[in-house]
């Protein structure tokens, strides 16, 4: 009986692999990678790049001066809905044509013959440069967070120089490159760990922050959710829209699931679900995190905005120095994992674009 079940499992796995290879062949490509990414790991790469808590820490300064609590909570909620619409459209395309090229391949396929080469080239280069820039952006944020830990540990006496931040940033980029040189199976298995750590960190902060925050830093529902504090210099309406930059930067690069589609098992199903699942969960958990922050950050928004790391300051005033250092260490690890996953996605996009003759590589 056991042998029969095992035989059926192997047969089904082989059938899925053949279907993946046949679909890829209809798109004009041969199978070159091992299909080692399970559906949960396809979701994992998009979700780990989103990296909710460290990402919110990196972009909190977009929401604070542009409305405060209401911009953090309602801005995140509204932007998440629109991002989900974009993701659903991308998921539909990924289901029909799951290839590492993704966006530029779909552009070529769906454009008129007259313009397809130009549009494909523009989209391909924009996507490739965007992926590379995202690696730089995430790793710079990680470097800032590493040195924020040093500032917390010194009681505010240490203030990093630009050269120190750049040195830490360079070390992070190089180490991410080493991680991404690991085998496909290893990189795939890492995604499950990334998912676990991300969700654990989010839930821990959502629960622990309101409990630990002293009464003097707890805000009323009116202040946290309804009192629009705009000190950005822009009109209120524009300021609220400007606060969308926080969720737009955080819930981005969900196309990373597409870029590993040639390494995914049952890609036509796993990739679209990975995209939609990552955006939906990030929208819900991100809203919950922002609600917790809005109720527990105190009323001195200008002071938080002027600090080197607003979220670190919120944690210090709620958890104290030692507990914040422990939490912040996990935040830094999750941010580092974001960088390695983003570099993996960027490498696959660059590979695909080079394969089609789009780059000089």
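Quick reminder: no glycine exception, Cβ is built from N, Cα and C everywhere.
Per TrEMBL, the listed range annotated as transmembrane segment is 195-213 (candidates: 5-23, 195-213).
With Cβ pairs under 8 Å as the measure, the transmembrane segment (233-252) is packed most heavily against 76-106, out of 76-106, 273-295, 325-346.
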